[in-house]
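Q: The structure follows.
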């Protein structure tokens, strides 16, 4: 089969609700930061498979753990039994989590983890209201979709949970209050206070769910003191802080959890994506009394705690520890960010470079003064990068997502950045035709 044939056959049998197209890559095999398609062409993966492959594609430790476990026990549901693998994983997650006395609930995706976090928060507090963030993305299951702050079509078609409210996330490059960095009064914090004085009853609010760094909103990093100020308000009213670490967790930002950069202790953390190293597994990690607030089977799935996926996840954490990947993410992140800042000085298309560790965003603009989003140009950059052998995507229509594996070799990182700059230059110089715009869907 050719890549074109595969793409066409996808359109015949795969629901469009399950897929979004950037480029027609048809993977055949992968190793660390490299992916080969079915025609043998190699690509550098600057997405880490949508932030899944923190320890690299087909990490040998993870593959070995999967093989050894699968040889003796593919599955035994821990709803009725006590397989050892999810126990060992839960104990390890409790050890690394930045909260005291944690207990764990397992699932299959970041979406169901965030759904579960909402259930636990409501059960523990006896309250109904949930606060989410505009432009946030928490998943596609019903509860996660309901607290997602993206203005996307699905909610208008299927409805959403009641008692969900939204506030703006602090974005110092595109401030929702029209302020400039260093010249504001933290209106992003006072907005929550005003919300409680108006349409939202604070004492009826169970939780606020936040990404420590907004990922699909365009890699938005809040001011350093934002979460401390926010947490004080939440604590005053007995409102839980739920932190979605699905994309930012497990070393991506240079710490186990991105919230650790901001000096607060949440009540609940959700994990998925990189946790299984490529296998489907999620985890809700929360204070013990919160995690015991639902009755038996209140958040249970037949396949959750799967022994093979749990063994893979434990191997991921061990790899991060033994290879010192937290430190490596910091070092490589600084290296990549320096290079991207140099690109910004040369290329007017780049309006902003931001992020922590290897969770980086490059905001493409038509005009640096107006900050008008460069939607078509972003599509062209992604397509041209693909032609050059680099896998990259955009968020919010114009922010390039730079999230390679934490294990990427320095020379491969540099080569990928070279390809990215070449793609940007080709777009600026008009060497990428307009017809590619229709080929790239994105979101």
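Any Cβ shown, glycine's included, is placed from N, Cα and C.
Grabbed the feature section from Swiss-Prot, which reads as follows:
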BINDING   110, 111, 247, 302  pyridoxal 5'-phosphate binding site
MOD_RES   273  N6-(pyridoxal phosphate)lysine
Q: So how far apart do the pyridoxal 5'-phosphate binders 110, 111, 247, 302 get, largest Cα to Cα in Å?
A: 25
Q: Just name the most isolated of the binding-site residues 111, 247, going by other Cβ atoms within 10 Å of its Cβ.
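A: Each of the binding-site residues 111, 247 was scored; lowest Cβ tally within 10 Å is 111.
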Q: What does the structure give for the C-alpha distance between the residue listed as 'N6-(pyridoxal phosphate)lysine' and residue 110 (pyridoxal 5'-phosphate binding site)? Integer Å is fine.
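A: For the residue listed as 'N6-(pyridoxal phosphate)lysine' versus residue 110 (pyridoxal 5'-phosphate binding site), the Cα atoms are 7 Å apart.
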Q: Residues with Cβ closer than 8 Å to the Cβ of residue 110 (pyridoxal 5'-phosphate binding site), same chain and 6+ apart in sequence?
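A: Set apart from residue 110 (pyridoxal 5'-phosphate binding site) by at least 6 residues yet with Cβ under 8 Å, we have 138, 139, 144, 244, 246, 247, 270, 271, 272, 273, 282.
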Q: Report the member of 273, 302 (the recorded positions) whose C-beta atom has the most other C-beta atoms within 10 angstroms.
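A: Answer returned by the neighbour count: 273.
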